[in-house]
Amino acid sequence: MADAKPLYDTYNRAPMLFERGEGVWLETQGGERYLDFAAGIAVNSLGHAHPHLVEALKGQAEKLWHLSNIHEIPGQTRLAERLAAVTFADKVFFTNSGAEALECAIKTARRHFYVNGQPERFRIITMEGAFHGRTLATIAAGGQAKYLEGFGPKVEGFDQVPFGDLEAIKAAVSDETAAILVEPVQGEGGVRPLPKEFLRALRELCNDQGILLILDEVQSGVGRTGKLFAHEWAGITPDLMAIAKGIGGGFPFGACLSTREAADGMTVGTHGTTYGGNPLAMAVGNAVLDVILEDSFLAHVNDIALVLSQGLASLKDRYPALIEDIRGTGLLLGIKCAKSNMDLVMAMRNEHLLAVPAGDNVVRLLPPLIVTAEEARDALSRIEAALDMLSSKDTQTDRMQ
Ligand SMILES: *Cc1c(COP(=O)(O)O)cnc(C)c1O
């Protein structure tokens, strides 16, 4: 009876009703506990109800909720300075979401060439399997037919090439190209990391051609892969970068980071937002950074990533009929399934472990970065139980045939 509900029918919602969360755990109204390895799709980077974030949000809520961007906003300059200090960026624009951060990056790139006497350079090269959001421009950038269908003419100016195909990218660069836009690790596309050498080659190509490199680190950023940003593994820097998800720890916000040069067209009045960089968001973002920038934090992410990836590799050896491959970096891990990925997500849900399906028949594991080794091992035994259940089901069907 979907029609009886006043909400849009755009989501196929899971039946559990969650009421509260703590750390890596979610609890339903009925008091059932689930181990949350979905983390709101890489959003709850510090888990649920992290005391430092709760305190930051409550503290700000008692002072000031909202101010127009015609004023200096508490926390905005500080967060921008801190982000600039730990990245390639000189300039930051705050948004409410990942897609808006991408929109800002796209506009910044186009505008850069516009003010530098090359207005014809507005096209952006993207890769198959990409996901950059659900606005009209970002569905055009992502290029996936299932998200474009029925929404009118595709926004002009995006050229798509096959995943990981450097020659195709080189061939696609023209006099009208402004930028190349990629995710260092495709998230929705099936946890597909771009090799380090590939990212280095892209950086070199952009330098040679005088075009901009835009990275979408909305999912892979803010500690998720064991570095503050995934591109650091390749030892390169982009000209522009979109972030969101993990930086808010559950409070909705994103940011577009830029070099001074790339942002040279973004002068007074060229872009804006009512809510972006809101005081509440900035208080939480600064609190997230307090924790993620602590000395041992990323080492912890890498330690747990090792526990998980080794455990998953051994499950792959023991269940070759169900697992084809384990992929990903840090705590952005994917189980490439031999059978249906949805069946595995459901079987894991049965074991009270939450994960997210992704493209290419993959199950994504994105635990909060504060997950402990014990909780990682707990998740592994739940995954094993789910695999056991699926393989005994398979044996039964074989017998019936
Ligand atoms: C989630 C995501 C987006 C879109 O973010 P929204 O906040 O949903 O707009 C863009 N790019 C990547 C890589 C993402 O994972």
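Cβ from N, Cα, C; glycine included.
Residues or ranges marked as pyridoxal 5'-phosphate binding site in TrEMBL: Gly98, Ala99, Phe131, Asp216, Glu217, Val218, Gln219, Thr274. What TrEMBL lists as N(2)-acetyl-L-ornithine binding site is Arg134, Thr273. According to TrEMBL, the N6-(pyridoxal phosphate)lysine annotation covers Lys245.
Around the Cβ of Gln219 (pyridoxal 5'-phosphate binding site), 28 further Cβ atoms fall within 10 Å across all displayed protein chains. Less than 6 Å separates the Cβ from ligand 1 in the case of none of the binding-site residues Glu217, Thr273, Thr274. Cβ-based crowding with a 10 Å cutoff singles out Lys245 as the top-ranked of the recorded positions Arg134, Lys245.
Each of the binding-site residues Thr273, Thr274 was scored by the other Cβ atoms within 10 Å of its Cβ; the lowest score goes to Thr274. In the three-state DSSP scheme, Ala99 (pyridoxal 5'-phosphate binding site) is classed as helix. Across the fold, the C-alpha of Gly98 (pyridoxal 5'-phosphate binding site) and the C-alpha of Thr273 (N(2)-acetyl-L-ornithine binding site) stand 14 Å from each other. Sequence-distant contacts (6 or more apart, same chain, Cβ under 8 Å) of Glu217 (pyridoxal 5'-phosphate binding site) comprise Glu183, Pro184, Phe229, Ala230, His231, Met241, Ala242, Ile243. The binding-site residues near the residue listed as 'N6-(pyridoxal phosphate)lysine', taking a 10 angstroms Cα-Cα threshold over the set Arg134, Thr273, Thr274, amount to none.
Residue environment of Phe131 (pyridoxal 5'-phosphate binding site) contains 24 other Cβ atoms, counted within 10 Å of its Cβ in all protein chains.
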